[in-house]
Amino acid sequence: MEDEDKTAECQHSKPPTGITHEAPPHHELQEERVMSLRGTDRSEPTEGSNLLTSGEKKPQDSPTEPNGLQSLRRFLACPPRGCLARVITNGTMVVLLWAMVWSVTGPECLPGGNLFGIIILFYCSITGGKLFGLIKFPTLPPLPPLLGMLLAGFLLRNIPVINDSVRIQHKWSSSLRSIALSVILVRAGLGLDSKALRKLKGVCVRLAMGPCIVEACASAILSHFLMGLPWQWGFILGFVVGAVSPAVVVPSMLLLQEGGYGVGKGIPTLLMAAGSFDDILAITGFNTCLGVAFSTGSTVFNIFRGILEVVIGVAAGSFLGFFIQYFPSRDQDNLVWKRAFLVLGFAVLAVFSSVYFSFPGSGGLCTLVMAFLAGMRWTDKKSEVEKVIAVTWDVFQPLLFGLIGAEVSIVSLRAETVGLCVATLSIAVLIRILTTFLMVCFAGFNIKEKIFISFAWLPKATVQAAIGSVALDTARSHGEKQLEDYGMDVLTVAFLAILITAPIGSLLIGLLGPRVLQKSEHRTEEEVQGETSAHIQRKPEDSITEA
């Protein structure tokens, strides 16, 4: 019986036929791979990972130091890092730049010298712009840094102790401002879009031309009767203050566009597109009136001379523009740098040579036309050239606004002159706001949006700084005291226009934008893709038909 029971147990313990407990070798390898993948991808603990994690000591067990002590240790680290390292680096660069120039020029780079004044003005303007850029208010766009640059130059000129050491000759100041004007005109010409020019209709054309022309005429009339300027100088003043500032409008519009305000009706796009054409119209009108004001002879001759300057500027700009389109050729090395150098070089040459040949109004037009025609063919590399020009502008912007501020002296200003300038500017700005409101009527905007566009078309800065001193420099080259007084009045109004309208316009845009503009709903890409996939699942035949 025991043998039979053992036989039965052995039969029960044997597996059924065709089934074995031993897995083949390749099956064991697959199991090992699966276990290794689980240990890595699914982060399941294994013996090896447990040993590794147990052997690592995390620094969380150590006592933490206060945040202030940690910041102090980082600040006093050796070698220095962070903020202290930046301060040391920038300070070394400033001292090194001065030392290099001093080693070449000698006394010119010592206090009271011309180059010393330029270097101090440059760094003070940069510092002022940085400080103003740090002033930020919630729900408001940042203050434009150009205000800090303008005030830095103004303070350097009007603080007695500093003014004795920081002196810049008029010739150097005029030349640097003219170079900055060339850079601005190149940026304006390259920024024009030929397709947008063809599509500009209706409200965009009215917004670009109407307020500028009306404000220029109003300023000319007011300055003639209130300030006693001749009609030619009145229109010079009018076109100086008639331009809107992209340096203030564009950053503010980008902030509103990111928040979705006014995007449904394209208000930010409209203002940014029309702003460029508004500036070009003001610069063109200024150059034409400048040529008429400094020409001699009869009125009919002066009118024909102004027309001749326009023709010369357009013709020279067309020739240079077509030349730069093909030279350098596309197969050359460093194509972007060569194009940027040629367009900047020809721009500076056009601005300076036009004054030399007594056609001051043709240089700006030549630069605008040249840059526009060159950019039409640079479609593939145009943005890269614009980046190089933008870097050049970053260098000359502090010089331009600092030099404009340094031209205004409190001692030479009379209270009645400032009062008349403020009155002329204020009335002209009110007329501009009303004109802008009328120009956007019958364009599909409600009353709140019309009010917003009217106030957004207020700030003035870049163009006023660029051309505000050109008339004064031209008058100084003629050596007539009366013309210099007229030029100083124009510069004073330009200075006050920047100082008053730039911060007020920026604040009004930031305050009114979120309150009066309709906010478009922002949908993420996942939501859009989800809606698209759901639509395809519901109507697959429609999507096939559309494809």
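Cβ coordinates come from backbone N, Cα and C, glycine included.
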Review point. Are ALA415 and GLY479 on one side of the membrane according to Swiss-Prot?
Key: yes
Study note, to complete from the structure: According to Swiss-Prot, GLY275, ASP278, ASP279 bind Na(+), and the residue from VAL244, VAL248, VAL310, VAL311 that belongs to that same site is VAL244
Check your understanding: Which range, 72-80, 234-242, does Swiss-Prot list as transmembrane segment?
Key -> 234-242
**Study point:** Winner by Cβ pairs under 8 Å against the transmembrane segment (301-324), considering only 271-290, 362-373, 391-411
**Key:** 362-373
Check your understanding: When each of 87-104, 114-133, 418-440, 462-473 is checked against the transmembrane segment (271-290) for Cβ pairs under 8 Å, which one has the most?
Key -> 462-473
Review point. Under a Cβ pair cut-off of under 8 Å, which of the recorded stretches 114-133, 234-242, 362-373 contacts the transmembrane segment (172-189) most often?
Key: 362-373
Practice item. Give the helix, strand or coil assignment DSSP yields for VAL244 (Na(+) binding site). Key: coil
